[in-house]
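Undergrad: Taken from TrEMBL, the feature transmembrane segment applies to A:12-35, A:76-97, A:109-129, A:159-184, A:205-229, A:235-256, A:268-287. The annotation domain 'ABC transmembrane type-1' is assigned in TrEMBL to A:72-288.
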Amino acid sequence: MKTAAVKRRDDRLLGYGLLVPVAVIVFVIIGIPFVNAIYLSFTDKVVGVTPKFIGLANYMAIFSDKEYWKVLKNTVVFTVGSVGVKLVLGLLLAVVVNQNFFGRGLLRAVLLVPWALSGMVSAVTWRWMYDDTYGIINALLLRWNIVHLPVAWTSDPSIALLSVIIVNIWKGLPFFIFSLLGGLQTIDGQMYEAATIDGAGKVRQFFAITIPSISPVIAITVLLSTIWTFNSFEIVYLITGGGPLHASAVISTYTYEVAFLQNKMGQSLAVAGSIIPILVALIIFSMRKLNKDD
Amino acid sequence: MRRSTYVKIRKLTALYVIGLVASVWTLFPIYWLVKSSLTPNKLMYTPQPKLIPAEWTFSHYQELFTKSPFLGFVKNSLYIALLVTVISVAISVLGSYSLTRLRFPGRGFMLKSIIYTYLLPVAVLFIPMYVAISRYGLNNNKNALLVVYPTIVVPYCCYMLISYFKAIPKELEEAALIDGCNRLQSLAKVILPIASPGIAVVSTFAFTLSWNEYLYALVLTTTPAQQTVTIGIASFNFGDQTIWGLLTSSSVIASIPAVLLYFLAQRFLKTGLAAGGVK
Amino acid sequence: MKRIGTSLTALALTGALLAGCSSSGSGQAPSAPAQNSDAKPAAAPSGPKEKFVFWDKGEYVEAYNKMMKERAEKFGKDNNIDVEYVVVSQNDLKSKLLAAIEAKNPPDLIVANDPVAKQFVASDQLVDTSDIINKIDFSDGAKNIAVTSDKYFMVPHSLQLSGAFLRKDVWDKHNLPIPKTWDELYQQAKIVNDPKNGFYATGFPLGASGGNDAEGMVRTVIREFGGSIVDKDNNITVNSKETLEALKFIAKFWQEGLTPPASVTWDDNGNNKAYLAGTVGFVINSASIYDSLLKDNPELEKKTVMVPLIGGPKGESFVGSGNVFAIFKNGKGTKWAKKFVTEFYEKDFYNNLIEQIGGKYVPAINGVLDTPFWKNPNNKSAGWLSMIKSIKGAGNYPGPEDDLGSKAQTMQLATKAVARIVVEKMDPQKSLDQLEQELKQLYGKK
């Protein structure tokens, strides 16, 4: 019989051992370029030229640029809007495809497809559909007399951001549905049986059993999706190019502009680096939620 | 009894209505893509486009498979995505188990470090990453993607798996440990079977993450023999011209494996709770 | 069932251990490069051959890449070297190049649009090409696109003119002549415009993503109204009555609904698509629309005429743009790149190449425009040749071609000035003031 102390030591060794491959990926393969990129954000880096350390100058430059703040605000709206809607619809649809009914398999397949498409293809397809003269959406809206003038989906500054949010929801919804479904499927059916015997209704069961059981999954799905959405590039860049006049620009497209159009690699890394504190705060917050039940 | 039938019908109706609305919303852009892949070039762009084109053609698909190196791209992508998925899921299962069930100093630090790797987007990381990779002589070699893709796949896998593992009651594993299983045995016999639907989902998404990756593939591979499907699709874009027929038909083909994989994964790992400790 | 599950897991675990080792190995162990060279033992017997790496532009007309590949391979055989000929989509060339440059691993030779290549002059990546320029009889228009700050670091591959495409059938229906000036176009646009039926007189892009279409047009109008962005000594001269008039004039096309609203965010693809869809009557573009029409829509091609760009109150002021060769200093086969480029303009091959592309590229060398191809009355792209003699300089004309000039263009500062008037309804003078400020900041002037 092993003593408790020996068991604890064994667990510790095993704990480290199992993490070695992950640690290599995190600290070596991505860690080195990551640290390098952060360092370069404090330099005047231009591609092909040796960088010179310039302290906080890049950060000062972007914080004093009012376009940066406009873009940051857009990014927050874009992220909160997309993730919020994806969570609500994702939860609803995950519950739906977790029920038993004829055609469930087909519905699951259908719902997965947007995720299976590459971002570039989704973006160019939507851009085409959005156009006001040769796009199908306006053609149908006009034909059905829902609108009398084509909607300027991508060029009206008050609609453009919404238009890219819609595409982001379309593309990212499967991630929510299927991650949450995976969580729902691990719930022990006996818990519902017991609750039913106790006389709890479906709605109460949903909030008393379903949500708490999958709350770690919800937290992590939201966290991952928030980070991805915050950094997502293709949809905005390929549909509106961030336009008109930065009305739909987000941090990642702005990063691209600074790096590749203005040719300031260091400053562009500072733009990307400047949002790290926001994301870190978010991570710490969700971790606390995640570890609460430990 | 009457009442319960009524409730059942009401529930089914609600399910079908929601399912229908969701399908239309999801499929409409897909329909447009598939429709375009079957539309002859001369009808590709039209003013006031119609839902159903006047003519259909399979010529784009024919051209795709006979005249372009698309099949080679598919082969490379399958090789990369499948290997990356297996490697990443396996690594992540072990790592996540360690992070959820074992206690050791540095655990919290590791947990956070994994997700911090996502803080910088690939759009700014690809240049430093390329520099690092080419130092090892792996540029223009598809195997470089086997090294790089786990960096985008593993954090996702770890986090999702952690959340699924957490949902499994500790008592189940404790019972197995008392029965004389060691940690790895209990992982294999208790945790994995219960989490298998989750693992199926994670594997599918891990696969699509590497299957659809573009920027790393663009800079790390150069010759067609090394390149992947996303590069193949993008190559139908030329400055201000696009070969829509090929772009759309190749995208349709490229979306099939992920959907197929999801179904296979579901079928293989359907056992779920039934296979777990609860009898 | 349970057993299958267990053995599957066991398999996964074994896989995990193996995989863990191999992935950490290739990440850090020095054995990785060795493995890689094992994979390519091609030139083992006679010692390693020299290598020439060439990233060419991907071209919509397949014949181009086919001919170039054959030529590159033949070049390799003749010189007993390995040739890596790769087609890189123009949209992605920049990301790929930047990564390769940063790793000191660039290709020896590229073909790119001239503004893309120009950016690498400032970071000192390109080889001086004056010797090649002197050896070959390039036209003056072509030399314009290869020059930066009075030096040659590029070689003109071919010119790509930007002209006008006009729907002759629509203009005929209204008995209108082909417009010669911007004002004529504007007056006619009001007549042919029919947005209720989804037809707009013009299709002008104003988007911020990619390409030169928008900035090129705005700058042309500014010049043709007598304005300029900077003068030849890089003094910022943008804030003038002429530029103001030009900005106000361009904005009218959106303010009066003469161009589709979506065009405010179109990229370079937008006007091509709208013209091919038949929803706009007049666009300014390279001849890429022509070869799409020839290939996919002969009926619309018949209704189309290609006419030279139109002039303004101060006449015509066209600038050249096109494709250039650029040779990278840090490439390992630089001398082969130079040799390949020098031999590239061999008359039969070059003429044939240009003809295969169907008129989208115009020769960069003198004395090759009297071939039957360009004399053929059915070759509509010949309608643009008259523009060549009016080419005054490159994109930043009358300013010098330098790093700041090309930055101002890629940042699309002039386009944004128009967009502010159109989208934010900003007062034109205020928008112009802002443009001047932005230019001063870029040029580091007070």
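In case you wondered, yes, glycine gets a Cβ from its N, Cα and C as well.
Help me picture where these features are in the structure shown.
TA: Long-range neighbours of the transmembrane segment (A:12-35) within the same chain, counting only residues 6 or more positions beyond its ends whose Cβ lies under 8 Å from a Cβ of the stretch, are absent.
Proximity of distant same-chain residues to the transmembrane segment (A:159-184), defined by a Cβ-Cβ separation under 8 Å and at least 6 residues beyond the stretch ends, is recorded for 74, 77-78, 81-82, 85-87, 89-91, 93-95, 97-98, 111-115, 117, 119, 122-123, 126, 130, 151-153, 210, 213-214, 216-218, 220-221, 224-225, 228-229, 232, 235-236, 239-240, 243-244, 247-248.
Residues 78-79, 82-83, 86-87, 90-91, 95, 168, 172, 175-176, 179-180, 182-184, 186-187, 191-192, 195-196, 279, 282-283, 286, 289-290, 293 of the same chain sit 6 or more residues outside the transmembrane segment (A:205-229) yet have a Cβ under 8 Å from a Cβ within it.
Residues 67-68, 70-72, 74-75, 78, 119-120, 122-124, 126-127, 130, 154-158, 160-161, 163-164, 167-168, 171, 268, 271-272, 275 of the same chain sit 6 or more residues outside the transmembrane segment (A:235-256) yet have a Cβ under 8 Å from a Cβ within it.
Cβ atoms under 8 Å from those of the transmembrane segment (A:268-287) belong to residues 37-38, 40-42, 45, 58-59, 61-63, 68, 72, 75, 219-220, 222-223, 226-227, 230, 251-252, 254-256, 258-259 of the same chain, restricted to positions at least 6 beyond its ends.
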Undergrad: Report, as numbers and ranges, every residue of the chain located at least six residues beyond the transmembrane segment (A:76-97) whose Cβ falls under 8 Å of a Cβ in that stretch; write 'none' if there are none.
TA: 104, 107-108, 111, 161-162, 164-165, 168-169, 172-173, 175-181, 183-184, 206, 210, 218, 221-222, 225-226, 229-230, 236, 248, 250
